[in-house]
Amino acid sequence: MSSDSRPPQPDTSTQSNSESESPAISSPTPQDHAPMTNRDWWPNQIDVSMLHPHPSQASPLGADFDYPKEFAKLDVDALKADVMSVMTTSQDWWPADYGHYGGLFIRMSWHAAGTYRIQDGRGGGGQGMQRFAPLNSWPDNVSLDKARRLLWPVKQKYGSEISWADLIIFAGNCALDSMGFKTFGFGFGREDVWQPEEVMWGEEDVWLGTDKRYSGKRDLAQPYGATTMGLIYVNPEGPEGKPDPVAAAHDIRETFARMAMNDEETAALIVGGHSFGKTHGAGDADLVGPEPEAAPIEQQGFGWKSSFGSGKGKDAITSGLEVVWTPTPTQWGNGFLELLYGYEWELTKSPAGAWQFTAKDGAGAGTIPDPFGGPGRAPTMLVTDISMREDPIYRRITQRWLEHPEELTEAFAKAWYKLLHRDMGPVSRYLGPWVAEPQLWQDPVPDVDHELVDAKDVAALKSKVLASGLTVAQLVKTAWSAASSFRRTDKRGGANGGRLRLEPQKSWESNEPADLDQVLSVLEGIQQDFNSSAAGGKKISLADLIVLAGSAAVEKAAKDGGHEVSVPFSPGRTDASQENTDVESFAVLEPRADGFRNYVRVGEKAPLEHLLIERAYRLGVTAPEMTVLVGGLRALGANHGGSEHGVFTDKPGVLSNDFFVNLLDMGTEWKASDAAENVYEGCDRSSGQLKWTATANDLVFGSNSVLRALAEVYAQSDAKQKFAEDFAAAWAKVMNNDRFDLE
């Protein structure tokens with residue numbers, strides 16, 4: 001799952017290369033732990049702490065640190081020159097294969113970026129997570145600790161002007177440049193975090209396990225992007241170590257698709273990445289020591305210390321595979337495909353006992369250079385490399401590239417750029433001089449090409465919206481539908497672009513298409529009237545108007561409740577076209593559930609309260625913000641389908657703290673409904689009369705001790721104004737989540 005069939009790096013070891021990491025290497029062993037934590041005692045409780053993944057107190061740079069501002073001081077050409085120098089300066093403590101660390105750096109970058117998965121946007125290289133557990137100790141990342149240590153002098157020199165997250169990814173891009181490949185571009189802008197996040201990489205309790213993520217014939221559970229716990233993609237020896245290239249192709253196709261790669265991009269990454277470096281399996285993998293997180297303190301974070309020979313250089317063991325893909329492992333060319341199709345292949349084992357293929361009947365013996373000047377070698381390939389020839393779709397693609405290598409060059413350049421940047425969001429977030437033109441997968445939005453509305457225009461537009469006949473609930477739900485598609489994980493979605501009016505979002509069940517169409521029709525009329533009559537070239541986009549209309553409704557609802565609030569509004573959103581919207585790519589943003597609207601897709605089995613926390617996490621809201629948003633949206637009547645679940649008020653449409661007051665009323669007794677699934681009934685404790693209905697999305701604010709503590713604050717008699725102000729602030733945060741231009 002690591003280098004798998006497609007990493008551009010060959011192996012793991014140390015050198016230039018890189019490949020997967022290795023099923024041959026002993027995996028981390030769970031250690032007995034003590035004492036028991038709350039999570040151990042009550043594993044089914046929701047984890048509210050996940051809403052505060054990176055507290056500012058954890059950063060040594062301080063809450064006011066501005067990475068783009070620091071990066072602006074950086075001499076990027078000097079940085080690149082220094083990285084290039086590191087690549088060709090072999091160190092005795094970890095000698096470079098062929099005198100070049102390029103393959104190793106490619107693998108490092110690939111394995112950082114390649115953890116990205118489309119279903120929830122988690123993973124990727126955007127935060128420098130490879131520095132921390134568990135990624136720094138994954139079996140697939142053997143010896144990448146060496147790659148990062150090689151870069152430490154560069155990081156030390158440039159300090160906070162370059163993040164580790166950027167440097168780790170940039171090094172792989174430099175490696176390609178240094179070996180004669182023309183890259184498509186590069187964008188900086190990844191800001192470091194200072195502690196790991198808890199990410200569900202799988203339910204298995206052993207590394208390299210696969211038993212908990214598959215069902216049926218071989219159906220990989222969502223949201224996982226890898227076939228095996230602790231690997232990036234697939235097992236390079238084949239599924240569960242069975243050396244079957246055709247079966248491996250199935251796993252490759254599935255896992256790369258979950259990283260947003262199609263068949264051609266997948267093949268390009270495997271062929272292109274494996275045109276450099278080598279894998280490492282010089283000897284008995286049992287002689288390799290523990291991973292960094294389990295290594296003795298005196299090793300200072302260095303893991304996988306090997307007692308096989310010198311433990312490095314010609315004796316290196318990383319993946320346990322010993323493969324050199326081409327006769328020119330430090331130079332770009334079409335050698336991978338020329339060898340793949342130029343020989344017949346037979347199944348063999350590496351010196352470490354891992355399955356791989358060797359050119360049949362001794363063909364090509366001595367034609368592959370040894371990394372340290374030893375006798376020439378025979379051509380070798382991974383099981384997953386042979387998949388590029390045996391799978392009919394991959395074969396058709398790679399045979400075309402064999403005849404037209406210039407097409408491979410272009411395909412690899414673009415696929416590599418996508419791999420490194422897929423989790424960074426819109427191109428407006430990219431920094432530096434080498435940013436390529438916007439790509440469809442970046443969800444492009446047009447630049448503002450008109451004068452923006454001013455305060456007077458905003459006031460007039462609010463009045464028109466509120467006089468349009470649309471209700472507070474309709475306006476709030478529409479704005480929420482647009483903005484809440486945002487994911488903090490990969491910076492996708494949000495209101496900017498106005499894609500709520502486009503496929504696929506306008507047809508999502510969660511967005512109530514029929515009602516949405518009615519609201520958008522009215523708002524489009526207001527937009528057209530304004531744009532056709534405004535002076536000075538001023539216009540308002542539908543994206544801006546949707547947000548403005550929702551905010552106007554919030555202000556009205558607060559005023560109706562006796563509270564004056566002002567929701568901040570910053571114009572500048574633009575409207576994307578259907579042509580610049582990849583319907584298939586956007587489909588993964590469709591919510592399975594949205595507890596803020598009390599929506600759940602039919603058939604969803606996960607506990608609603610857990611899905612609510614997950615939704616809040618992706619929106620980037622804190623526990624207090626989640627609490628005030630749910631309570632406010634219930635009061636505003638913004639439930640999906642007009643449901644009354646959780647609407648604990650006799651004046652829906654008015655912004656009040658009634659949700660919390662009535663939820664915490666001990667005069668109400670709750671029980672599961674006999675009439676409806678996932679519904680609870682709140683009855684008067686004395687008379688037994690039904691008062692309210694609710695879902696777990698509502699009741700969790702009374703049952704979970706952390707959330708109840710927050711709910712109590714908003715239920716207090718002195719909290720009415722605070723509640724309205726906090727709701728307005730949290731609302732504005734969600735509306736502006738994708739406004740990176742305001743940061």
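Keep in mind that glycine also has a Cβ here, set from the backbone N, Cα and C atoms.
Noted in Swiss-Prot for the protein shown:
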type	residues	note
COMPBIAS	1-15	compositional bias 'Polar residues'
COMPBIAS	16-28	compositional bias 'Low complexity'
SITE	R107	site 'Transition state stabilizer'
ACT_SITE	H111	active site, proton acceptor
BINDING	H274	heme b binding site
Please name the residue among the recorded positions R107, H111, H274 whose C-beta has the most neighbouring C-beta atoms within 10 angstroms. R107
By a three-class reduction of DSSP, H274 (heme b binding site) is assigned coil
Any idea what DSSP makes of H111 (active site, proton acceptor), helix, strand or coil? helix
Spacing of the two Cα atoms, the residue listed as 'active site, proton acceptor' and H274 (heme b binding site), in whole angstrom, works out to 14
Can you give me the Cα-Cα distance between R107 (site 'Transition state stabilizer') and H274 (heme b binding site) in Å, rounded to a whole number? 10
